[in-house]
Structures are given as C-alpha cells and as structure tokens.
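Take a look at the structure below.
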Amino acid sequence: MSEPRAPLTGRLRREHWLALDAVVALALAVLVVPASPRVEHFGLPVAAGFVLTLAATLPVAVRRIWPVAVYWVVLAACETLVLVPVITAPFDAVAFAIYPIATMRSRRTAVIALLGALAVFVAGVVGPMGGQAVSAAAIVITAWGLGVFVREHRIYVVAQREHEVRAAAARERLRIARELHDVVANGMSLIALQAGVAGYVLDSRPEEARRALASIEETSRAGLTELRQMLPLLRAADDGEPEPTEATPGLADLDTLVRRAAEVGVAVTVEIDGARPLAAGLELSAYRIVQEAITNVIKHAGPARVTVVLRYAVDELIIEVADDGSGGVATTGGHGILGMRERVALYGGSLTAGPEPDGGFLVRAVLPTGGAA
C-alpha cells in the first residue's frame with residue numbers, strides 16, 4: 001500500500017525538473033547570440049537565424065516529456081545553422097537533448113540519435129565551423145555515454161531488486177515447507193502408533209481397534225491435505241540453511257510472543273472468540289502470521305500497544321493485528337509481509353496490510369478452515 005502523499009511528491013519533483021530545463025533552454029538561447037558571427041555578411045535574414053536558434057534551444061525545456069521529438073527538432077535546426085551559419089549553432093543544446101534519449105529510450109533509438117548527431121558534426125567539420133564542431137562532438141558523445149551508463153545502471157538495479165525479491169520468496173517458501181514437513185512427520189508418527197494399537201487389540205477389544213482405525217483415517221486425511229499444500233513450495237532449491245530444530249509452535253504459544261514483546265516496550269493484548277482445534281499446519285501458519293505482524297510493530301512502530309484478535313467463524317479463521325504506533329509504508333514491503341502472503345496463499349486465504357486512517361497499522365488475514373472442528 002502506497003503512502004497517500006507520494007503521488008503529489010512525484011508531481012512536484014517532475015515540475016522542478018521541468019522548471020530547470022526551461023531555465024537551461026532560455027540560457028542556451030541567450031548565450032548563443034553574443035557568440036554569433038557578424039550577420040550582415042550572410043544571405044539568410046537575421047530574423048530567420050534567430051528563429052532557428054530558438055528552434056534549436058527552446059525545445060530543450062520539454063526534453064523529458066517528448067525526448068525523441070525534441071532531439072530531432074534541435075538537431076535539424078543545428079544542421080541548418082551549420083550549413084548556413086548566420087548564427088552560431090548551439091551544439092550544447094544537442095548534448096542536453098540527447099541525454100534523455102540515452103537514459104529513457106532503447107539502445108537502438110539511442111544509437112540512431114548518436115549517428116544523427118555525428119552526421120551533423122561531419123558536415124560542420126568540413127564547413128567553416130570545423131573546430132567548434134569537433135569540440136561540440138566530444139561534448140555530445142560524452143553526454144550520450146553518460147546517459148547510456150545511467151540507463152544501464154537503472155536496468156541493473158531493477159534486475160537486482162527483482163532477483164532479491166524472488167530469492168526472498170523462495171527462502172520463505174522453503175522455510176514454510178520445512179515447518180509443514182515437521183507437522184506431517186508428526187502425523188505419520190501418530191498413524192504408525194495407532195496402527196500398532198489397532199493390530200494389538202483387534203481380536204480382544206474390537207471397539208478400541210475401530211477407534212484407532214478412525215483416528216488413523218482422520219490423521220491421514222489431514223496429512224494428505226498438508227502434503228498437497230506443501231508440495232508446490234518444494235520447487236525452491238535448498239538454500240543451505242540448517243534445518244529447524246525447535247518444537248513446532250502453535251496458537252497456544254501466543255503467551256510467549258506477548259511476553260517477549262513486552263520486554264521491548266510493546267504491550268500486546270490477545271482476544272480469542274470461539275476457539276476450537278485446527279489442523280496443525282493451519283495453526284502453525286496462524287501463529288506465524290501473528291508473530292510476523294508483532295515483529296513488524298517492534299521494528300517499525302516503536303513503543304506501541306498491539307491488539308491481536310482471533311475470530312473462529314464457521315469455515316474460516318480471521319486474524320487481526322492492529323497497533324497504535326506510527327504505522328507507515330515501511331512495514332508493507334519487507335520480507336515479513338511477504339511471508340504472511342505466502343502462508344495465506346498456501347491455504348487459499350486473503351491478507352490485507354496497511355496504515356489505518358486514524359493512525360497505526362492493521363494486518364488482517366483470513367484463513368479458510370473448511371468448517372472442520
């Protein structure tokens with residue numbers, strides 16, 4: 001969720017750059033006149049020369065809006081002034097115009113723009129403005145090279161960020177899969193134990209054997225459900241992290257989270273409505289969602305009061321974690337929210353996270369329970 005004032009900030013920043021470009025365009029137009037040769041020796045009317053100068057400089061003011069069109073207008077005006085040099089061609093304007101093309105357009109477009117500039121400079125070298133054309137060519141090539149470097153760096157940064165996001169998601173999926181593996185393994189151990197009991201009492205106590213077999217059926221069905229949800233996560237490769245060795249936590253361990261949060265100045269209140277047993281994997285995911293939400297409060301909201309609400313509906317578990325701290329967008333883009341989304345998606349649920357209108361931050365997750373008690 002984005003900060004409400006961010007779009008306004010972006011508009012103001014763009015307006016500042018446009019204002020700066022307008023100042024640059026006016027400066028280019030004004031500074032080129034004192035450097036012009038004596039106009040009375042050329043056939044082209046002085047007024048037309050000034051018009052060409054304005055055509056070569058003023059479009060720089062909108063170079064960020066229409067970079068390609070501005071560049072070719074500036075280049076065409078400079079080429080005309082090179083061929084008929086009634087006024088000094090403002091080659092600096094070409095450097096300003098080519099930079100946004102190099103930074104904002106494709107490599108092919110940038111190369112074509114540079115070739116067009118080089119063609120103008122060749123015409124200038126063989127004409128009466130040779131020395132100036134050579135120095136101007138060096139400036140334009142430098143501006144073009146700088147723009148290409150900036151564009152390539154931006155591409156690299158975006159690629160790195162995408163790679164980091166994918167890697168973080170893969171690590172989170174693998175961690176969840178490992179935890180669910182422990183849950184399923186515990187279920188298989190229970191099945192083996194119940195099967196042994198059923199075999200032992202099958203002849204002497206058939207009722208007890210039937211109860212054991214019913215327990216095996218229930219546990220195996222739950223285990224199969226967990227496996228179906230876990231297998232897609234195993235697409236992630238092993239990241240070399242050690243296997244978790246601590247006991248699998250559940251909602252009964254929320255008191256530990258409350259105590260640890262209090263130690264760092266965050267007061268947590270837990271409200272539970274309609275509690276009932278849940279599948280082990282689902283309970284683990286619910287615990288982790290609450291844990292991640294409280295951790296985010298500790299990291300980003302500072303000292304705060306947190307309310308955790310668990311509502312057991314007929315076929316879903318609703319989790320709400322709200323704080324009265326500073327809130328803000330910093331808590332929506334980190335790995336904590338990513339992990340919550342992975343866990344909620346695992347069970348086909350939904351998650352919303354964002355600042356509240358009156359302050360604070362709210363995480364709300366809905367986990368389908370299938371109506372099982």
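Note that Cβ sites are derived from N, Cα and C of the backbone, with glycine treated the same way.
Noted in TrEMBL for the protein shown:
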- 12-151: domain 'DUF7134' (DOMAIN)
- 16-35: transmembrane segment (TRANSMEM)
- 42-62: transmembrane segment (TRANSMEM)
- 68-98: transmembrane segment (TRANSMEM)
- 110-127: transmembrane segment (TRANSMEM)
- 133-150: transmembrane segment (TRANSMEM)
- 283-369: domain 'Histidine kinase/HSP90-like ATPase' (DOMAIN)
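For the transmembrane segment (133-150), same-chain residues at least 6 beyond its ends with a Cβ under 8 Å from one of its own Cβ atoms are 82, 89, 91-92, 94-96, 98-103, 107, 110, 113-114, 117-118, 120-121, 123-125, 127.
Counting residues per DSSP class in helix, strand and coil order gives 34 helix, 31 strand, 22 coil for the domain 'Histidine kinase/HSP90-like ATPase' (283-369). Secondary structure by DSSP for the domain 'DUF7134' (12-151): 114 helix, 0 strand, 26 coil.
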